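Pulled from Swiss-Prot:
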- Asp15, Asp17, Asp19, Lys21, Glu26: Ca(2+) 1 binding site (BINDING)
- Asp52, Asp54, Asp56, Glu63: Ca(2+) 2 binding site (BINDING)
- Asp133, Asn135, Asp137, Glu144: Ca(2+) 3 binding site (BINDING)
- 2-37: domain 'EF-hand 1' (DOMAIN)
- 39-74: domain 'EF-hand 2' (DOMAIN)
- 84-119: domain 'EF-hand 3' (DOMAIN)
- 120-151: domain 'EF-hand 4' (DOMAIN)
Amino acid sequence: MVASDEFRRVFGSFDQDGDGKISATELRLCVKASLGEDMPDEEVQALMALADTDGDGLLDEEEFVRLVTEMEADGDEEEDDDDETCRCLREAFAMYEMEGRGCITPLSLKLMLSKLGTHLDVAECQAMICRFDMNGDGVLTFDEFKTMMMA
């Protein structure tokens, strides 16, 4: 399953000390790095309690993948209810996707932002993309763009 492989890669990046487990601290730090926002202690503890099936206070890879899969499934149900938002996001994505590759590259992001009056260099655009580039390919797919816009 491709999504599961992607979640496993994300798990590896969250597991900063390489012990095969994600602590509440690692989860909080990675959410901040990914979304640029702090997650309140209560939310971190609630997620940990929800997913920690063996009760050790840590998330192993299997627990993490199950949590993310369930969260994604819940998100899919909510997305079905909001077709207009999705249509608008697709239109916005098409404006940023200028190279015909079906994704937003650092260069296409730079060009569109310049048209909108914000002048960033390619490295700054790469950093923006990196925050939401879940599969690590250096570009934003529509799903990654949607995640960024909904954050």
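Yeah, the Cβs are placed from backbone N, Cα and C, and that goes for glycine too.
Applying DSSP to the domain 'EF-hand 4' (120-151) sorts its residues as follows: 18 helix, 1 strand, 13 coil. Distance noted between the C-alpha atoms of Asp56 (Ca(2+) 2 binding site) and Lys21 (Ca(2+) 1 binding site) is 10 Å.
Listed in sequence order, the residues Ala51, Thr53, Gly55, Gly57, Leu58, Leu59, Asp60 complete the 8 Å Cβ shell around the Ca(2+) 2 site centroid, once Asp52, Asp54, Asp56, Glu63 themselves are left out. Each residue contributes its Cα atom, and for Asp137 (Ca(2+) 3 binding site) and Glu26 (Ca(2+) 1 binding site) these two points are 23 Å apart. Glu63 (Ca(2+) 2 binding site) sits 18 Å from Asp17 (Ca(2+) 1 binding site), counting Cα to Cα. On the backbone, the CA of Glu26 (Ca(2+) 1 binding site) and the CA of Glu144 (Ca(2+) 3 binding site) stand 22 Å apart.
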